[in-house]
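Participant: Checked TrEMBL, it gives:
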ACT_SITE  GLU1220  active site, proton acceptor
BINDING   CYS12, CYS17, CYS20, CYS42  [2Fe-2S] cluster 1 binding site
BINDING   CYS82, CYS85, CYS117, CYS119  [2Fe-2S] cluster 2 binding site
BINDING   LEU225, VAL226, VAL227, GLY228, ASN229, THR230, GLU231, VAL232, PHE305, ASP328, LEU372, LYS390  FAD binding site
BINDING   GLN735, PHE766, ARG880, ALA1041  Mo-molybdopterin binding site
BINDING   GLU770, ARG848, PHE882, THR978  substrate binding site
DOMAIN    197-382  domain 'FAD-binding PCMH-type'
Amino acid sequence: LSVGLCGTKLGCGEGGCGACTVMISKYDPFRKKILHHTANACLFPICALHHVAVTTVEGIGNTKSRLHPAQERIAKSHGSQCGFCTPGIVMSMYTLLRNNPEPHMEDIEDAFQGNLCRCTGYRPILEGYRTFAKVSGCCGGKANGPGCCMNGKENSTMTSSSLFNSSEFQPLDPTQEPIFPPELMVSFNKQQKQMCFKGERVMWIQPTTLSELVALKSQYPNAKLVVGNTEVGIEMRLKNLLYPVIIAPAWIPEMNAVQHTETGVTIGAACTLKSVEEVMRKAVSDLPPYKTEIFQAVLEQLRWFAGPQIRNVAAIGGNIMTASPISDLNPVLMASGSKLTLVSKEGRRTVTMDEKFFTGYRKTIVKPEEILLSVEIPYSKKGEYFSAFKQASRREDDIAIVTCGMRVLFKDGTSQVEEIKLSYGGMAPTTILALKTCKELTGRGWNDKLLQDACRLLSGEMDLSPSAPGGMVDFRRTLTLSFFFKFYLTVLQKLSKSGTVSAPWEGRFGEGEPLCAALVGKARGGFRFEQEVPKGQAVEDMVGRPLVHVSASKQASGEAVYCDDIPHYENELYLTLVTSTKAHAKILSVDTSEAQSVPGFVCFVSAKDVPGSNVTGIANDETVFAKDVVTCVGHIIGAVLADTQEHSRRAAKAVKIKYEELKPIVTIQVRCRFKSTCDGRHLITPGISFLQDISFHFLGEMYLGGQEHFYLETHCTLAVPKGEDGEMELFVSTQNPMKTQEFAANALGVPSNRVVVRVKRMGGGFGGKETRSTILTSVVAVAAFKTGRAVRCMLDRDEDMLISGGRHPFLGRYKVGFMKNGRVKSLEVSYYSNGGNSVDLSHGVMDRALLHLDNSYNIPNVSSVGIVCKTNLPSNTAFRGFGGPQGMMIAECWMSDLARKCGLPPEEVRKLNLYHEGDTTHFNQKLEGFTLRRCWDECLSSSSYHARKKLIEEFNKQNRWKKRGMSIIPTKFGISFTAGALVHVYTDGSVLLTHGGTEMGQGLHTKMIQVASRALGVPTSKIYISETSTNTVPNTSPTAASVSADINGMAVYNACQTILKRLEPIKQSNPKGSWEDWIKTAYESCVSLSATGIPDVGYNFEKNEGKPFSYFSYGVACSEVEIDCLTGDHKNIRTDIVMDVGTSLNPAIDIGQIEGAFVQGIGLFTMEELRYSPEGNLYTRGPGMYKIPAFGDIPTEFYVSLLRDCPNSKAVYSSKAVGEPPLFLSASVFYAIKDAIYSARKDSGLTEAFRLDSPATPERIRNACVDIFTKMKRPNDGPGSTLPEHENIGNIVSGCPAGCATLCCISASR
């Protein structure tokens, strides 16, 4: 902080998001060379930086002098939206370029495995950085630029054009990079001395010799040995564990040594996983294949082991000694019989990693005073085969659900098993060997009988009770068999190739490639198509052009200022919340005595300190501080103020609260039994009798899980009391300045005019900062009022996820009446949502869900009811789509089932039921400018839907255990909302523009500058937007519902027109004058150069009257996927989107919004799953347990087209809202998965419709692919021993898969 370098961002604090990525450079005395690698600043200890150079994003370039090419290209290729993740991504790319100036595209993708982005959908980042690649794909790196073969060609009805010109990028010159500090190299030639750092509670010791290390471990037997801090750092930060003594063995030569022996490769325990990977890769290339079976398995596991930032610093010894039951490597080491060398004052001993090594959960046979010196990974022998498998929720950077290592040795020249070892992780509190199974299989022939017996034996030995911690019991049990089946087939294939067995692979199993091959896509590619500006449009008129986000360069260089980047005020205090650990309880007492003894403690703030009203919330049903009763885990009870963030955290954890527990209600299912506590919303369309002209009907239901916003910047507030008349200035990361101002003033007991809320920019919002930010802001404001000092608070990621709520989970139940030809005639539907512990925006969310229950289909008769269920979870709130995706998803569920029941292709049934121009919706609004059918036809054509469908059918006939599916899905999204703007023109002709919207990465400020530029007729360079604040534009609507560009754009336009009208007489008197001349004359003539602008919809649910929407946005997406029927993995092969955005204000920003929304929807429908304990505790807190899509999860081919010639007369410059409508199009991926599952079930003789809830996680996919493995009886199976998946509506689990409390798994794979 002393040098003010704020470019490196804190996104999670556990090494899972990559926002804090920096480059670490050091001289390696063991390899005699300088190494550059990425690391997570949030985990890297300051004490470990001795002899190390750290490069942050500020150190490679800036906007004042020159941007580095890595910064320039991500900015100009539109790869930075909110910008909070951008510095970390830039540093990952920069480090790669320092090590490899001409990387392959695969290298670039691998470099980003440890980085997350919630805004862009990753495509523009990859496209921009593709220009660095040695082989850049289309036209040798000119893709989408001048000289690309696609320019000027037609693809169906769309013409490609460039969003950026790669020829304008400055070239990369490796010779211009900063050199490694020579003094750091010189210092390594000197004799190293043991170092010791002492803090308030922890002592860090860094020995230089093995003897020093052994002596220290003898003196401090309980001390932790730390190399990468990827485990201990998380335990101390998130699990409140304290290790008073930490020993860092990174400098010990013996622990960094690598030796090739007669029996294998011995690797020092302090060697990083990255160096292990390099050693294994070299051995595989140098040695005969038969000797490297185990090495190849290690490489396969390391490929998916965390991200590069973790692999670069985490040590192999730490991975072993952590003893995680879901370790990626330990099953491999155990199955291979790897040997460990231990050293202590008593001497050395060698132990084998076998069934005796792990003695219990997180325990080993290693004595406290012993040190793991090295691990020997053996060579494989002739006739020996080895495989390793891992299944996780997300392929990249994720902890395992089940992992395994499998080894078999055959008698020479035969297929008779001489020795076999099967080791599993995730099936017990430790990594275990299937000893009974292995004993029974020894001496047997490798044939189908062995396979059958092995599965029977494993199903008995690798069993879990129905209530096993972590849930997913059926899935985990099935995976043990699926993995063995993959191993069996892999070995059989190798035996066939060696001539040991005669049965060919293809003939016996009908697979065209090895089944064990991971579902991994090639380097992502694809072209994008957008509208072009009309011929004759003035060059300076930027409307419709792909203008780069106005803050992109500042974001790429770390110069963009976010709320927590604001310099500290004198005597500023830091606030940490004290929240409830019970979901429903009475507060008996709050004891702060222990907290008061923490250094730097100032005071504790609670309900009694609120000077105004403690009641808050949209419906006045919430409190600033809980007073007598808490109604969810995470309910704010108080807050601790201290001089530093670390002290306030420690003090907050020391506050003791006693409760009297009450019974919590967590799920929709349980709450529905208490109807008096639910709130209903009815929408009924009267019409013909429901039974008239109806041939058939069916019933069904679907559950959709919730979703965490996971904006990269957590909630943050800085409150600065002004010292007189109760004035308070609030710097807040919020979408809703008006409500933030109103609620804070209410809590302070002052009028709203005493409180100013300022918003520069946000690091993402997505609806999560519309209302939920107001409570934190009120808490911080009260604390600032009490102390009279500036107070700051930025939530930790786990805090933010715990208290802020998310997307509403929904349960939909429906009855559909239809004709034999697939025509829908009637629909009865009931929606139930989990609102959480307060109303918040739940009614509005349910209203929108009911208004979108038809999606895009004309249903003559509709009867619907929506019920919001109050539960003891944190209040759910607005999220991109605002109930629309839930309503439409259930519509597509019954539409999918309808097609199956009619025996008709789903795309035909969907098209048959689509609305036409002029039709009336179920809420009596006439559809005008209905372009959906155009979108549908163009998407069918551009995606080559029918031709690819035939190829998919052929693929599925030839493959039993891999299946492909495809689906095409439409969306119709209603748009409504109000706004204001203020325009100042200064005497030099420059324009300061302020509007009611907030910038959170969606490019709103950029679009507003484009609107003002056209309206005033001045270049965009003359227009500037500083911030959004309540003292410039009052009473603004929140930046939400996708309409910010619409409403604020019209307000800006109106304000500009007011100024132009005032200038008209001056322009007439001096028609040849310049803009500056007219402004100067106006000023001299006392003409006001400031103006405001303000741009009615309404609907009555009871009467089914009114017009809820101004207009609709339309779009269609077609997606193809491939699933692994044995593991539940899926790969997104291709997606084609056609979107109606009217006449785009900025096609680059609009396409970025479409892609970002689509990928966020992929998370919603296929990946992101919130899991709770029965007591209402959220287990999935932080990126370690909660998985959003990563770079590798986007479609391998991704095509986006903007519909042409579809101006929208109801918004500024004929544009349309684009933020929310595209999100639902990712349902095409979900229903493509369901289509693939249908094919798999068909091979098992199942042809009827089946239920698939959302998200379609690997667990749900695997369980739906019913086969011999899922049907196997287990010892723990009995009548009623397990509930069907859909009975567990709230995703309630009793712990993590490893059997720990909540957070042990975060770093288990690290």
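Positions of Cβ are set from backbone N, Cα and C atoms, glycine also.
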Participant: Compare the Cα of PHE882 (substrate binding site) against each of the binding-site residues CYS82, ASN229, LEU372 and report the nearest.
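Facilitator: Closest recorded candidate to PHE882 (substrate binding site) by Cα: CYS82.
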Participant: Give the distance between the Cα atoms of CYS119 ([2Fe-2S] cluster 2 binding site) and PHE766 (Mo-molybdopterin binding site), rounded to the nearest whole Å.
Facilitator: 9
Participant: Have a look around GLN735 (Mo-molybdopterin binding site) and count the other CB atoms within 10 A of its CB, chains all included.
Facilitator: 28
Participant: Taking 10 A as the limit, how many CB atoms besides its own sit near the CB of CYS119 ([2Fe-2S] cluster 2 binding site)?
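Facilitator: Excluding its own Cβ, the number within 10 Å is 30.
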Participant: Between CYS117 ([2Fe-2S] cluster 2 binding site) and GLU1220 (active site, proton acceptor), how many Å separate their Cα atoms?
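Facilitator: Checking the Cα atoms of CYS117 ([2Fe-2S] cluster 2 binding site) and GLU1220 (active site, proton acceptor) gives a distance of 17 Å.
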Participant: Report the nearest neighbour of CYS17 ([2Fe-2S] cluster 1 binding site) in space among the recorded positions CYS82, CYS85, ASN229, LEU372, GLU1220, comparing Cα positions.
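Facilitator: Looking at Cα distances from CYS17 ([2Fe-2S] cluster 1 binding site), the smallest one goes to CYS85.
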Participant: Looking at FAD and its recorded binding residues LEU225, VAL226, VAL227, GLY228, ASN229, THR230, GLU231, VAL232, PHE305, ASP328, LEU372, LYS390, figure out the farthest C-alpha pair and report it in angstrom, whole number.
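Facilitator: Across LEU225, VAL226, VAL227, GLY228, ASN229, THR230, GLU231, VAL232, PHE305, ASP328, LEU372, LYS390, the widest Cα separation comes out at 27 Å.
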Participant: Kindly state the mean pLDDT of the domain 'FAD-binding PCMH-type' (197-382) in the predicted structure.
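Facilitator: For the domain 'FAD-binding PCMH-type' (197-382), the model's average pLDDT rounds to 95.
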Participant: For the recorded [2Fe-2S] cluster 2 site formed by CYS82, CYS85, CYS117, CYS119, name the remaining residues of the chain with Cβ within 8 Å of the site's Cβ center, in chain order.
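Facilitator: Residues close to the [2Fe-2S] cluster 2 site, other than CYS82, CYS85, CYS117, CYS119: SER80, GLN81, GLY83, PHE84, THR86, ARG118, THR120, LEU712, GLY763, GLY764, GLY1001.
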Participant: What binding-site residues among CYS82, CYS85, ASN229, PHE305, GLU770 are found with a C-alpha within 10 angstroms of that of GLN735 (Mo-molybdopterin binding site)?
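Facilitator: Matched binding-site residues: GLU770, sequence order.
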Participant: Among the binding-site residues CYS17, VAL227, LEU372, which residue has the largest number of other Cβ atoms within 10 Å of its own Cβ?
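Facilitator: The largest 10 Å Cβ neighbour count belongs to CYS17.
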Participant: Rounded to the nearest Å, what's the C-alpha distance separating CYS20 ([2Fe-2S] cluster 1 binding site) and ARG880 (Mo-molybdopterin binding site)? Just drop the number here, would you?
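Facilitator: Cα-Cα distance, CYS20 ([2Fe-2S] cluster 1 binding site) to ARG880 (Mo-molybdopterin binding site): 26 Å.
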Participant: I need the least crowded one of these binding-site residues (PHE305, PHE766, PHE882), counting other C-beta atoms within 10 angstroms of each C-beta.
Facilitator: PHE882
Participant: For CYS42 ([2Fe-2S] cluster 1 binding site) and GLU231 (FAD binding site), determine the Cα separation and express it in whole Å.
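Facilitator: A Cα-Cα distance of 12 Å.
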